[in-house]
Amino acid sequence: MGEYLDSMKGKSLSTVFGDPSQYRLPIKEVEEKWKLVPAFLKIKGLVKQHIDSFNYFINVEIKKIVEANSKVTCDADPLFYLKYTNVYVGTPDVDEGFNISKQTTPHECRLRDLTYSAPITVDIEYTRENQRVAKTGMLIGRMPIMLRSSNCVLSNKSEFELAKMNECPLDPGGYFVVKGQEKVILIQEQLSKNRMIVEEGKFGIQCTVTSSTHEKKSRTIVFVKGNKYYLQHNAFNEIIPISIIFKAMGVTSDQEICQLIGVSNMEKFMSTLEECHNLDIFTQTAALKHLGSKLVAKRFVTAASKVKTPVDEARDLLATTVLAHVPVEEFNFRTKSIYMALMIRRVMDAEVNKKLLDDRDYYGNKRLELAGSLISLMFEDAFKRFNWELKSIAEKTIPKIRATQFDVIKYMRSDLITNCLVFAISSGNWTIKRFRMERLGVTQVLSRLSYISALGMMTRVNSQFEKTRKVSGPRSLQPSQWGMLCPSDTPEGEACGLVKNLALMTHITTEVDEYPVVRMAINSGVLDINTVGTEVLSSSKIYLVFLNGNILGVIRNYKRLIQAVRLMRRKGKISQFISVYPNHQQKCIYISSDGGRLCRPYIIVEDGIPLVTEDHINKLEKGIGMRTFDDFLHMGLIEFLDVNEENDSLIACYERDITLQTTHLEIATFTILGVCAGLIPYPHHNQSPRNTYQCAMGKQAMGSIGYNQKNRMDTLLYNLVYPQAPMVKTKSIELTHFDKLPAGQNGTIAVMSYSGYDIEDALIINKASIDRGFGRCLVYKNTKCVMKRYANQTFDRVQGPVIDTMTNKPIWKHQVLDNDGIVAPGELVENRQILINKSMPITSSVPGNTTNKVEYKETPVAYRNVEPSYIERVLVSTNEEDAGLIKVLLRQTRRPEIGDKFSSRHGQKGVIGLVVEQQDMPFNEYGICPDIIMNPHGYPSRMTVGKLIELLAGKAGLMEGKFHYGTAFEGSKVSDVSEELIRHGFNYQGKDVFYSGITGEAMEAYIYSGPIYYQKLKHMVQDKMHARGRGPRAVLTRQPTEGRSRDGGLRLGEMERDCLIGYGASMMLVERLMVSSDQCEVDVCNKCGRLGYCGWCNSCKSSGQVSKITMPYACKLLLTEMQSMNISCRLTLTHYCQ
Amino acid sequence: MDVNDEKPRIILEEYKVTQNLPSETTVLDETFDIRKFKKKFRIVIVRYEKYEMEFDFIGVHPFLANTFRRLMLSEVPSMAVEKVFIYNNTSIIQDEILSHRLGLVPLKANPRLFEYRSEEAKEGSEQDTLEFELKVKCTWNKEGNKESARADDIYKNNNVYSKHFTWLPIKNQAEMFKAEEVGPIHDDILLAKMRPGHELDLKLLAVKGIGKDHAKFSPVATAFYRLLPDIKIIREVEGEAAERLQKCFSPGVISLRHSKDGRKVAVVNNSRYDTSSRNVYRYEDLKDAVIMSKIQDHIIFTIESVGAMTADVIFTEAVKILKNKCLSLLDELSQS
């Protein structure tokens, strides 16, 4: 303190501490600090994590992978080698044949069913005979390119340029176009690698480490069984006492082992040490020999592999496979033994104190795997296989005596890597044999139902847990997910809580180089672990320092280290995504720079004052001095915190909550919600499940897909004819540009009862509103066909319409065809009319024999739908295999009808129950008729107060001519909105006097009415309604077919059957289950009980006692099928009167 | 609450509307009698602006007013585009959506001079059909300001408006109507947006129809009525409370009068234009000072015509339709 006072000498008190009168004033709130959110989204964006990760792969990691596998040698010829010196990924192009390629755009690929991919080229150096040859630009495969990544043609393009390429400027990118399909690689959640997790295991407490390096993936478990400590690892076929491992690692003295672990637990460890003595293992060699006998037998023993002794093998294993991520150089096991000792200590501590157990579901222990890292795994695997193949070809061909010299580049085929990547992305099956990794459903088709559904898909996080298991832990909302994952947006049902969505400001880190961090740590006083004595490790004053799960060293003054790292980060000297946090229970400091951590920006608070001031925001707005979010980062006003560091900070949501201990301030509270939940106005007033329902429904709402929607040819596409931006907006809506590509309409609703057709959430809708275009939608479907060429020089053909000779007009089926045999755009097609009059050659002709005439079989593409469609567009092109491709886009315009599903933004869905003429609708004193009448019973049990406020705010907004905001945790206040209503002569509660449109009298109650944003959902009766009298039957069972698409019957199921049985309606049962289904007459022989036919029993060779009975055909089928398996069923018949 | 007079009223209470039972019998509980009706019934036209009018319907049961409202909305005929022949449409707007938009364009044509077109008729005749043509082609504007980035300067005909309708008289229609009598009412209804190369070539057939069939045939934008509000101050409200009271109603409803002893007292000036917002009930102290009521046999009718017929004509048309309906009912009754 003395020192401090000295330094302050000569300065007046007020210059040091500021004006004392200001102390008690609350900290001024920076109103507009949320403007940092759009600034953040501008540079990071909602899908930036995908793009960043892919960019990292394409620009950095692919080079590392090629470098790591750069040399291909051959056992047959020691002089032969192939070395990759460099690798590049080009820009996307498409092959035009004859080795000419041209630049392509994603939209062209979408339309032509191509893959949007770029060539991967390498520079190589190799030997041809005895010459050394260098070659540049060798194609080794094609890499599907993520849209808007650095290699994509769309990156850094202006809106005008994007429009020229038929691309929507609001489209986020971040997905792939593979064979014309848009595919997203979902973010995969997994437990973080290379970290110790202490938890309850099979036998007791265990400490698990899943090591992962480029070469190896392994899991090491240290656990306690009885009172002994063991190690379990895949490489050993049984559990190994931990003392043997120590001895094998060169720590032979029992005392040293105990010192490493920590002296206090001596007695507990006795029995483990004893194990060694029992087995007579005292030296390293003895221990290794013991381990060598416990190795898992290798699956394939290659002759070429050097013959190793079990001791060598065990040593190798310990060095490379057990705790693979801890580096062992020259068989110096020091670091590894310290690490192992620490694992044991953690287990011992947790045995005493259960609080030390780690939580698997804690989000700091999770890492998210993105497209880049997944593709890099796939690519590395493919590349290794590619090299292996080259090697085996070399091994096979070099020994042979050939006329031409062996040139390895002739054998470099590009389709191995291409196919591997394309197959993985298009099927979603991520199988990497090397790591025994097999994941299904990694990719999904990008849902283009609405803009929000596409955007929502890009932020989806998939977890590896089994969906069927009924576990609550991984599914429940963890407090550590705060701000990182949306608390509302998760599906209901089996995937509930396992599929999550990122919040608005979440960023996922990519890997950062460790080296600067190591240097900085050493400079801040971290002592290398190898230089300190063993006994120091268990000292109570010493903190262990970890970097990405590896022990870096020890430090006494840990606070200085933490401060130093944070300071350097804020100053921009090291990457902003490096995090540091202490764990006082474990006496450890963890520094992480690995990829896949979730992080989020916060305003830094120093001494109770947030660093971002009004002035900064003004500058940002005007673009002077501080233009981007990065400027804020560089100036150290804002920093990213990952989950672990967030947990070590005290974060205030608002300025008023700041205390002296506060370290950070939230930028905007509404950013804890994700994209889908961001659409909901006043979500903080709703019951939480309602927000979750809306998140699911927002994805089914029809609206606009993108500015390029008219150019798209998707298999199914819904459009609203007159979409509107919602009256009550939220900040998230503006940030995600939902107001530019909306999905819904503002309908005036009256909350009242009307007729009986509004029960169970049904809506009453005004016919005049429908006439004027409310809820009108377009449904686009496409039909496509491929014109193949065959090996025998024949090909599919399309022929013009068949002309009826009588009338000289095309026959009805071909009426809509153009002269070229493809439908004409603008034409109305009806059920069973032909769209493409294709015919296929019958492959009877012998190859090479082209002289004889080829016969054709008609294989027309017909329109199958009871409702007619218009032809929007026809596309004739070629696909990747150079085969002809014809796509026909069909369009239907639908007006809402009874049974169509609508929903507000509060999880309140309903179907139209009745369409009412305008004159029958109630009207108010202004002459306003509602568009929709909603039953008030929808409110009390759902508690969607947000909807009530939306109505009020919307109504006031209409009067004022402005949009009100319903942003989460803020938004226009009800009291202000009410004042506005009063100003315009409305009731402050939003309730108006209404007159009945039928009787003309004023209604007894005041009606709550105003605009509410309604979404039309994709479920429409027209696609669902189904009834059948007679119809097709299945061939095998003769029962009616199943399903609407096959015009199937309506099933009388078990439960319905039970009702009939319970009621005793036996004739009804017979009629339903047999007569109306698969009634069949069979001949049964009374004598032998077998089935006969035509009044003849074949086993009795008589027709004497055969009688005809009716039974379900399925029963007869069963009897005959049993008979075919040598089980003879016999029927005993009695007359039903007896 | 009781307002003691002979008029039938509804009283707007804080949470509900109640009926007030008057001391005498009123139109509401009498059986309809034409002589009494004639004696009591009055129409006062308050505002007449050709296409919009407000008039009072006094001494009549709301059902009758409602009948006229309903008839105007759904049964008074008007002309609208019903069939669109699309010869060419290369714009981005889909055929059926364009047709839907065209149908909703209000047309200037006196429907009384036309007949309903029969279902079977294949060809429209001069009595039942109006024919229009919409032929627009968007091109680059070569003359315009080269520097301008406005779409209107770069392109010609980039927006298709209702003014692009051209009327094609059928047979002697040219003699029957003047050119300005026929066509869209508003010239500036945007129908489609186009870019160079886009072209529209359509033939539109407008026919007579009723609002029940489709809202586009409704001759009114809306027709509605409300009951005459009547506000009574039942105890003296003065000073600040009076000002507050004034703010609770629409402007002009309550005025402040300076009483002899210099106090400001609220008095009812004209309650006709009150919006029934009932905001007085927000104030505990003012709740009991006012009775808000509406007179049930005094109906304020508002008609907003779309523009094909003047508002008064629409009303008389509705009356005629009601008369015909009554006649046909009587006819049916006498036959059976």
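Just so you know, glycine gets a Cβ as well, placed from its N, Cα and C.
What TrEMBL says about a protein is an automatic prediction, not a curated fact.
Since this is a predicted model, take the numbers as computed values, not measurements.
Residues or ranges marked as domain 'RNA polymerase beta subunit protrusion' by TrEMBL: A:45-418. If you look up TrEMBL, you'll see A:199-369, A:444-508, A:545-606, A:629-660, A:1048-1132 marked as domain 'RNA polymerase Rpb2'. Annotation comment: TrEMBL describes A:676-1046 as domain 'DNA-directed RNA polymerase subunit 2 hybrid-binding'.
The domain 'RNA polymerase Rpb2' (A:199-369) and the domain 'DNA-directed RNA polymerase subunit 2 hybrid-binding' (A:676-1046) are not in contact, since fewer than 3 Cβ pairs between them lie under 8 Å (pairs 6 or more apart in sequence). When pLDDT is averaged over the domain 'RNA polymerase Rpb2' (A:545-606), the result is 88.
Only sequence-distant pairs (6 or more apart) were considered; of these, fewer than three Cβ pairs between the domain 'RNA polymerase Rpb2' (A:444-508) and the domain 'RNA polymerase Rpb2' (A:1048-1132) are under 8 A, so the stretches are not in contact. Same-chain neighbours of the domain 'RNA polymerase Rpb2' (A:629-660): 26-30, 36, 39-40, 42-44, 362-364, 366, 480, 482-484, 507, 509, 566, 569-572, 576-577, 579-582, 590, 592, 597-605, 607-612, 616, 620, 666-667, 669, counting only residues six or more beyond its ends whose CB sits under 8 Å from a CB of the stretch. The domain 'RNA polymerase Rpb2' (A:629-660): residue composition by secondary structure is 13 helix, 7 strand, 12 coil, according to DSSP.
Broken down by DSSP into helix, strand and coil, the domain 'RNA polymerase Rpb2' (A:1048-1132) contains 35 helix, 20 strand, 30 coil.
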